[in-house]
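Below are the structure tokens for one structure; questions will follow.
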């Protein structure tokens, strides 16, 4: 092991240097005085910070939180306000008030008149109350979570109950002219000594200034500064899943000057105060200073800076740490997680909002009818009078034409009120409730592992699910399992690792592999056994795990050779076992060799885990000592410094002292960052070979890193360590100074190789995204991950395609962001676009720093214009608040329907901002579920929720069909033909033109149903019993009977799925009218024996039949012509489904219609063996609705893009444990996809994509990178890339140097 055995001369000051990286000396920089929050511990508040009653002037919000929309006091007024935002409800309320006046309302009982409105208001209120009650229950459980607080100790930062009562009494006496005198000096808070104890309390009781003690696996109740931990070095480990979606562990450390606090007595005796910044929403930033004043007059005041690494945020969970003590600085709505969560909104569906226009138009029609009635009354009033007017119409002598017309207007309003039918709203509420039940009961969206079905939480927006055009998705835990597997690596230019990835498997299934690429059939089970046999010949690996992800027997053959390659392999895996910050866990106490790793990132755990399985096991860490076992040999290394990873550095390093005494630096990071810091003039061939291997790994969808090292002279390290310690303890510009110090040591590195890790996607994610894209839905991924990680996942999950041009926007200031956005618009979508750019699909990649400027008022329209023209958009390193702003930008800027989906608390803000929010119920954390409108357990369920239930709901509400069970096609057909969903995106089924057509049709049908009976029976006829049928009741019954039959059959004409229930409902609706006439004729004297007068005459029944035929005939003819000569996509699919069910479908020639046939299965009767042949028409046959919007994905329905994945959990095929699979041959020139292109807008350069996303700030590396990608003629891989000119190569190298 060459670099581990190199020895350096021992320095006499070794003892001083080992721990210097951990000492925190205080810089003498001046602290700027700005508005800050001061929190005092065991120090009386200054007189300037208390009022006349000795109370603290500053008030802090309580720690009790509320995500519900209502409280007990606000429910009635707030819910009524929301319901009366409906114009129709205001109209119904006005009618109820109008009927209170006897002159207008006649004999109507006010309560009976108000019953319909009360019913719908009560029904909606109960539904809203039930939904909000569930949120209240979840809030209550969270607020009453237990934590340990220091009690019997005075928190001087908050008011005591005695003081508050005294202040209240003093305010009352002051109103009476009295004042309770107090000695201010005596009211300044002091602490009580000797009685402090740790007491279990609720989260809602936590206050600013409280001291909290957390135990292992406890959740953090409020934002708090770490005072001390159980670890000797003051470290603790936290899981931040609820903040950033990551399940990996983060390292935090305590403030060094308070590390001695352990007991309650220590908490009472310590004295200091915190000068903290005010609350803000940035999760990754905090600035504060700890002041320990000189109270004894001995020594200097202690001033220590506090950063975000010294803070535990609410929502985090303490892991792998016995205990931690902290001081609360922010509570409740001031905590960062709550500042990133918006107030729970009251959502209304788009159809409900647009219904207000239709209701308003109905008001206009109603007004015209009432006005016409008033005018007719006036004309009748001014006619010559007779004595009959007084007796028949009760007109008084002092009545006027204006008074009579006025009363007639309002009376007509009551008579014609059904033009805006309240029953329609009741029906809609019932239909939406039934739809929520259907969604909840769908077995295909049930996840048995968590026993969790799809759960609707907001029932009134189900129709919005059928109109979604933009989906905003989190990545970690939503698209991926966040489970990393080490698959391949390259060591000293040699590639290792067998098997294929999700990306290669998907490429094979879709036929996207190059024809020149050949596949070797590899039996992974046999290869695994061979590898274990080769390992056993070399040593006994006691720590190997049962789940091996890295398989290659060739590694041990090379390791046993004892040559240069063997030493390179040992160095490589030794570096993986040492360059990390992982913790060791022993899940089985009886088996000390069963080791699991908990790391800050799942990638890091996968790297160390693979090193363990190969034979280089990291055993344990004792403070600054790392113990590893290398091929059975135990070794100990001293950890000197850890240079942590961040988004700017894109690398992490550790500095160690080896057992032989040398100082080593091990570094891992993105290839662009590592290559920029490699020693010049060395390893040229190795650099080239490694990059080509990394390109192949990236083409297979793997996440790659480079590994390098450096031997540091002792003198150089001592000088650097002193500077690094000063930078780490600096109060001002600490991060910049630390970054500068790291740059001084991370140079002249020696390349060892690279790793390739696979982030496993959730089951069915690629297929689901492909289906949604075919349906015309655009997907934006908003993630807190690094750019290169997000891009790799984008390719794996079908969000990014091999023929897309990636436009990367990365800016460090507003001007740069504007320039890059403008240049991208002009270059790729401007008037002078190059042909290669015009024909390409585009994807936009933008980071959070750039978004900060791009979301500015002056630039956000430019960003929106660019984003809507791209097929896919990925936003990286974004905060929760930025996620919400991006969603709001698209929703409001484009006026489209949006959906957000996520699984963590960091996704709550965007879930609440979107029209529809969906929470993923993961195995840990339900914050997203609490805030969501719908919740399920897997991303793959999204396609059925939208394409099936969403489309059905939209059609049902848009057509106002009374039968909630109606559907145009079954669920399987909807999924196999996702293009049908585009009608909802284009909102073709609920338009203003359709509304006016329905109005005209209604006017025509009304005229038919009235004038035909009126014309036939205006003279009447005598009955055998002497009665006549020309009375008002007779005519009204005829007209009403014709209307009832017509309207019910009209609903049947629009019904697309005639089930037995439809027959029953429509039949009973018709028969109920005539049955009611029968009973009413018997019991009501004014309707005496109407049944005998009408039911026994053939004229009556013929009149009803004639009215129905003439009323429905125009609608029937129009529907026939439309479906025959101008069918929509849905009509064609329905026709083929119908033909199959009748058993008449046969394969036909493509002929003049150029039809394409494919088989899809139906799930009507849960029979997976039933197949049908669907006539999948070509583009010329497809209706123009599918192709008239450039903003949609224009993909015709063909056999190539019809998804074939199973839809039922019970039908999913089970893969063998280790199948015989195809894998790529180890070739240097072929890759699975063609060279994808990156275009960095800051440099204006286009380049090949190898799986890494390089920010614009790395342009200095591009020249060198291009020179590596284009090797000299005659080298081993000269046939991989085109040969560059010598001048260009010299220019590239000069640009790097």
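For all residues, glycine too, the Cβ spot is worked out from N, Cα and C.
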Looking at 279-304, 305-330, 331-356, 357-382, which one is transmembrane segment according to TrEMBL?
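Of the candidate stretches, TrEMBL labels 357-382 as transmembrane segment.
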Among the residue ranges 932-952, 953-973, 974-994, 995-1015, I'd like the one that TrEMBL describes as transmembrane segment.
995-1015
Determine the mean pLDDT over the domain 'P-type ATPase C-terminal' (964-1128), rounding to the nearest whole number.
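Averaging the confidence scores along the domain 'P-type ATPase C-terminal' (964-1128) gives 83.
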Any chance you could find the range in 357-382, 402-426, 1060-1086 with the most Cβ pairs under 8 Å to the transmembrane segment (995-1015)?
357-382
Thinking of Cβ pairs under 8 Å, which stretch from 357-382, 402-426, 1035-1053, 1092-1113 has the most of them with the transmembrane segment (111-130)?
402-426
Quick test of the contact rule: Cβ under 8 Å, at least six residues beyond the ends. What residues does that give for the transmembrane segment (1035-1053)?
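Hits for the transmembrane segment (1035-1053): 961-963, 1005-1006, 1009-1010, 1012-1014, 1017, 1062, 1066, 1069-1070, 1073-1074, 1077, 1090, 1094, 1100, 1103-1104, 1107-1108, 1111-1112, 1115-1116, 1119.
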When DSSP states are grouped into helix, strand and coil, how many residues of the domain 'P-type ATPase N-terminal' (57-105) land in each?
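Secondary-structure composition of the domain 'P-type ATPase N-terminal' (57-105): 25 helix, 0 strand, 24 coil.
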